[in-house]
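Peer 1: Straight from Swiss-Prot, here's the annotation block:
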ACT_SITE  Lys40  active site, proton acceptor
ACT_SITE  Tyr268  active site, proton acceptor
BINDING   Arg140, Met315  substrate binding site
MOD_RES   Lys40  N6-(pyridoxal phosphate)lysine
Amino acid sequence: MVVGVHRPTQLVIDRQALHDNIQAEVTRLASGCELFMVVKANGYGHGAVQVAQVAKEAGATGFCVAILDEALELRAAGFNEPILVLGVTEPEDAPLMAQQHISATVAATDWLVAADAYLALAQPTAPLQVHLGLDTGMGRIGFKTTTELTTAVSYLATHATLNFEGIFTHFATADSPDETYFKQQVAKWQTLTAALKERPRYVHVSNSATSLWHAACNDNMVRFGVAGYGLNPSGTAIPAPYALKPALSLTSQLVHSKQVVAGESVGYGATYTAQQTEWVGTVPIGYADGYERRLQGFHVLVDGQACEIIGRVCMDQLMIRLPHDYARGTRVTLIGRDGDHVITLQEMADYCQTIHYELACGFTSRLPRVYRH
């Protein structure tokens, strides 16, 4: 997709905020515990390569991604740190992963058998590093029984093309005040890992929520994701142990303003009709940029004042009700601070009845990312 550099709409990423969030968590970790920064989905919409660089400077010793292509992007950008692909990859890509020193998540022994066959043919110079995923209650991927786990571990021990580098699970409710299900998963994890005769290099269960609120579970590595971007994993349910600094802002400018009179309508479907004479401004951003159509009725900030989005959000533009006329080029803040007022991703997510993760990841590549500080 084309990046809209000739349009006054941009995501602004605060590198210092990223650094402060990540460094704050690094300093909380017990001695010997490493932080891998999760930069999947283009760094939660913030830019994977740029976030990885800041994370490295802040003390991260490795990275986690969702798919192999994201790992290859980091390697192409010059990162030599360990990279773990959290999703299941194709066995035929095992030689490429071994060659690029990218670690694979494995959720079934038949994957190991298939990957071993490809590795035996390709004969890479190093074995494929493997992290065994355990399904302790997420219901997504992973080994569920002790028998399944020990079978996989035995296979790894007898095949030189594969190296047992790590083992992990993922908690479904670590961001909830109710710890009942979380404790059930912890117990299942402990039961499964008790079957191991030897621990691998990395043992990790902690996502952002677990590391923030259940640090005793951290073991020797945490997968630090959404909190590194300054977003509370629980939304507003649980206070963070330190101040998280949101790193993402979204700004634009007015490209047009006009006066409408009572009875005139605005936008597709004529869903908004003026009840009196008022000023309407047009902002060049829409749902093609990831600004949700369901944000009709929400607000943006103009000159520090909240201005309602009127009519439906269009593909490329939206309209707002202004208190008075403003000049073309006047700044519009869609996420972030303007004067004494601030719009947060959490506030937007609440309005859309979703989570801030979804909104952050949904901003498309048509929006340029500008990095500051």
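The backbone N, Cα and C atoms fix where each Cβ goes, and this holds for glycine too.
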Peer 1: Within 10 Å of the Cβ of Met315 (substrate binding site), how many other Cβ atoms can you find? Include all protein chains, please.
Peer 2: 12
Peer 1: Whole-number answer please: how many Å between the C-alpha atoms of Arg140 (substrate binding site) and Tyr268 (active site, proton acceptor)?
Peer 2: 40
Peer 1: So for Arg140 (substrate binding site), how many other CB atoms are inside 10 Å of its CB?
Peer 2: 12
Peer 1: How big is the gap, in Å, between the Cα of Met315 (substrate binding site) and that of Tyr268 (active site, proton acceptor), rounded to a whole number?
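Peer 2: Answer for this pair: 11 Å between alpha carbons.
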Peer 1: Suppose we draw a 10 Å sphere around the Cβ of Tyr268 (active site, proton acceptor). How many other Cβ atoms does it contain, all chains included?
Peer 2: 12
